[in-house]
Structure formats: C-alpha cells, structure tokens
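Now, the feature entries from Swiss-Prot:
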type     : residues : note
TOPO_DOM : 1-24     : topological domain 'Extracellular'
CARBOHYD : 4        : N-linked glycosylation site
TRANSMEM : 25-45    : transmembrane segment
TOPO_DOM : 46-53    : topological domain 'Cytoplasmic'
TRANSMEM : 54-74    : transmembrane segment
TOPO_DOM : 75-98    : topological domain 'Extracellular'
DISULFID : 96-188   : disulfide bond
TRANSMEM : 99-119   : transmembrane segment
TOPO_DOM : 120-138  : topological domain 'Cytoplasmic'
TRANSMEM : 139-159  : transmembrane segment
TOPO_DOM : 160-195  : topological domain 'Extracellular'
TRANSMEM : 196-216  : transmembrane segment
TOPO_DOM : 217-236  : topological domain 'Cytoplasmic'
TRANSMEM : 237-257  : transmembrane segment
TOPO_DOM : 258-270  : topological domain 'Extracellular'
TRANSMEM : 271-291  : transmembrane segment
TOPO_DOM : 292-311  : topological domain 'Cytoplasmic'
C-alpha cells in the first residue's frame, strides 16, 4: 500500500544529456521533428475529413492513428524541449502521473488501432464483395471505440499501481519523461506487484494485438497472390507493406522497452529507444501510411491546387 509519509512532491528529469552544446543541437532537431509531426498529422486528419472519396474505413482508421500519434508525441516532446532549455528540469508528482497515464493509455490505443487496421485490410482483400456491408459506419465506430476505452482503463490501472508506491528518497528520473521503468526504481516501497503487473500487461497486450495482426496476414498474403492483375497485386502489397513496416518498427521498440525487468542498463538503453518511438515514429507513420498512398497524395494535390487557384 502507498505510505502516508510520501515526501517527494516533484521529480527531476535528467534528460538525454547534460552537455549544453548537445542540448541546443537536440532541441533544434526535436523541435523540427515535432513541428513536422504536428503539422503533418493535423493536416492528414483535416484532409481525410474534407475529402468525400477518403471517407472509407481505411482512411477513417488512418485519421485516428494520426490523432493518436499527435497525442503521443505531444505528451512527451514539449516537456523534453523544455528540459533542453531550462535550468530547472523538474516535473511535479501529479504531472508525472498524468504523463505516465497518457503514455500507457496511448500505447495501448495505438497497438490495437494497428490491429484493427490489419483486420480492415483482411476484410478488404479477402472479402471484397462483403467489405462495404460488413465494415459499415457503425462497425467501424465500434472497432475504433474499443481501443480508446481499453487503453484508458489499462492506463488507469497501471497508473494506480504507480500511485500506490511510496517515493521518499531520490527523485532524479534517468529519462526525458516520466516512464515507468526508471520511475519505479526510485520507489522506497516494494515494487514487485507493479513490476509484475507491468510485465504481464505489456506482454499480454503486445502479444495479443500482434497475434491479431499475424492471423490477418496469414489470410491476406494467399489472397493477394490470387489477384490476377499485376496492378491489383502491387496495390495490395504496397498497402500491406506500409502497415507491416510501421508494425515492425513500433512493436520491436516496445518489446525491447517493456519486456525486461528494470535495471540501470535497461533504463539507459530504453531511454535511447524511447527517443525513437516517442518522437520519430509518430512522424514516420505519417510518411509510411500517408505520403506513399496514391489517394492521399491526389487529395493533397487537389487541396493545394484549389488554395493556389483561389489565393
């Protein structure tokens, strides 16, 4: 149980480096990445909403992936940028818990949206004649609501485990945001239940969502090979290839981060990996899923042409 004598009211985030010249360089780099991520994902959401021919299940799910990536990056990057410039690198205890909650919730929302997108591709490629009726607006709304609700509840459960820990001593977190592994290393109460819960929840959700994706593709690949037209096969492989690329990158980093017990070495390595999936992946998803998509590019060109014409 959480002790009443908890003394820590704020934590110090050590960030990525203490070298001033590197901090300025990294600030510039991550600010540029964040601006591209925000502008790109917001633009993608608006583009899909504004163009009627993009009102299909695939783009509906893509718009939600863009929204989650935007939230994912915004939960971490602004504080990281502040740490690069500020002498006081602190975060309050409540703010730390909120950041932990949002991170855990958004990770689970994203992995299940990726699973839903795999199922959507299965329906489109393996059952094209029934796709329109079975992937109705109500079905799509249900499929996208489940990840949000489940992610919110899972994040709350895991954050409550952290809240029940007592932090009475050191308050320096060896990270650039409030991540569970380095945070629980600072607890002065028993962390066994929290570590066990973290391992089980991460292991189960990563494995189960990946299982859904793998099963979907076990049906998708044979169906693609049966497509007679070369253009049809190339289009199907291109769509699935983009999805598999994003899945591989995202899941590999998460498995590396969470399926190991916290230690000094794992925290240091995890910090480097976390840079990639909290700042770079939200930008990469935009490129992988959107800018390689013919319909999205055509819609973007049309919107830009109209703005130039009316300006």
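Each residue, glycine too, has its Cβ placed from N, Cα and C.
Look at residue 96 (disulfide bond): DSSP puts it in a helix. With pairs at least 6 apart in sequence, the transmembrane segment (99-119) and the transmembrane segment (271-291) have fewer than 3 Cβ pairs within the 8 Å limit; the two do not touch.
Across 99-119, 196-216, 237-257, stretch 99-119 shows the highest tally of CB pairs under 8 A with the transmembrane segment (139-159). Counting same-chain residues at least six beyond the ends of the topological domain 'Extracellular' (75-98), those with a Cβ under 8 angstroms from any Cβ of the stretch are 8-16, 23-24, 26-27, 30-31, 33-34, 37, 106, 159, 162-163, 167, 173, 176-178, 183, 278-279.
Here the topological domain 'Cytoplasmic' (217-236) has Cβ contacts under 8 Å with residues 118, 121-122, 125-126, 244 of the same chain, all six or more residues outside its ends. Per-residue pLDDT, averaged across the topological domain 'Extracellular' (258-270), gives 61.
Secondary structure of the topological domain 'Cytoplasmic' (46-53) per DSSP, as helix, strand and coil residue counts: 7 helix, 0 strand, 1 coil.
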